[in-house]
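Per TrEMBL, the features are as follows:
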- 24-42: transmembrane segment (TRANSMEM)
- 48-66: transmembrane segment (TRANSMEM)
- 78-100: transmembrane segment (TRANSMEM)
- 112-129: transmembrane segment (TRANSMEM)
- 141-162: transmembrane segment (TRANSMEM)
- 182-201: transmembrane segment (TRANSMEM)
- 222-251: transmembrane segment (TRANSMEM)
- 257-278: transmembrane segment (TRANSMEM)
Amino acid sequence: MTGEISLKNSITQNGKHLSTKPNLLAIIIVIELVLGGAGRLLTFGPLTIRYILFLLAILYFIFKIIRNNFKVEKNIFHIPVVVFFFFYLISIMNGMIRGYPISDIVLSSQGYLYLLIFFPFTLFINTTEKAKIALNIFNKAAFFLALFSIGIFVALSARPSLYSVINPLLMNLEYGHLSMRYGLPSVFLKTSPYMAIAFIHELYKYVSLSNERTFFSIIRMFILLVGCLTTMTMGIWVSLVFGILLVISFSKGSKKLAALLLTIVVGIAVTLIFSEFLSSTLVNRISRTDSSYIIKSNLINY
């Protein structure tokens with residue numbers, strides 16, 4: 001029996017009905033990716049939960065190829081992934097030629113192998129419907145991550161002494177770290193950027209799809225946005241701005257106006273609430289004593 005797996009919106013394969021639900025392993029991988037921090041929440045000897053899920057996905061993919069003669073068709077992600085691994089192998093060979101220890105090369109490059117998960121996912125998520133479900137699962141996981149971030153932010157604001165309890169725990173689990181910035185706690189988790197991605201996706205659905213304009217979708221966006229703000233990280237805030245601008249750019253007609261008005265309201269609210277942090281950060285960024293300025297100056301002089 002032969003079959004072909006692609007990211008096209010098909011519902012049959014060799015005359016058989018394809019399930020519209022993603023593979024259970026794919027769902028677990030997506031949830032762990034968002035809520036699992038650096039992937040070391042659970043360890044089994046030298047293996048972490050993320051490594052185990054990765055290996056299971058690869059083995060399942062190989063098994064399906066051998067047993068069912070599946071073929072991965074080219075799609076919009078195929079070429080970038082192949083090109084990345086081409087240069088990845090060149091980098092490894094360059095390190096070996098220069099005489100670096102094999103152990104150092106493996107340790108510094110093994111994390112990039114996770115991108116191989118792309119190939120099992122062409123098998124797990126092979127229809128548009130499955131892709132939508134996977135994205136919704138991603139957004140829901142990011143929503144719970146935002147609730148967790150907000151909970152820590154509120155707890156530290158009420159009792160700063162909790163810093164000495166929560167921060168060591170987060171760092172030991174490689175889940176994130178806490179700090180105080182201009183009198184406010186900064187809650188930065190390893191997967192905090194996923195909250196920004198989820199917010200932008202939820203905003204795009206809200207603006208572009210009439211059936212997504214519900215009270216609960218507004219609540220989700222609000223929680224995700226506040227979760228991003230609790231990071232007190234300028235990089236994530238800037239990514240939110242660019243994401244919102246992209247949503248406005250791809251929206252049409254009256255929807256574009258609605259997205260623009262929402263952006264203005266959000267911008268004013270953020271400016272008022274975090275005015276001290278924003279002004280202090282901007283002043284420090286253009287100061288000659290800021291670390292980023294010193295590093296760039298040294299590079300230029302070098």
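Note that Cβ sites are derived from N, Cα and C of the backbone, with glycine treated the same way.
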Could you tell me what the rest of the chain brings near the transmembrane segment (222-251), counting residues at least six beyond its ends with Cβ under 8 Å?
139, 142-143, 145-147, 149-150, 152-153, 181, 184-189, 192-193, 195-200, 202-204, 207-208, 258-260, 263, 266, 270, 273-274, 277, 281, 285
Are the transmembrane segment (24-42) and the transmembrane segment (141-162) close enough that 3 or more Cβ pairs fall under 8 Å, when only pairs 6 or more apart in sequence count?
yes
Other parts of the chain folded back onto the transmembrane segment (78-100), taken as Cβ under 8 Å at six or more residues beyond its ends:
72, 109, 112, 115-116, 118
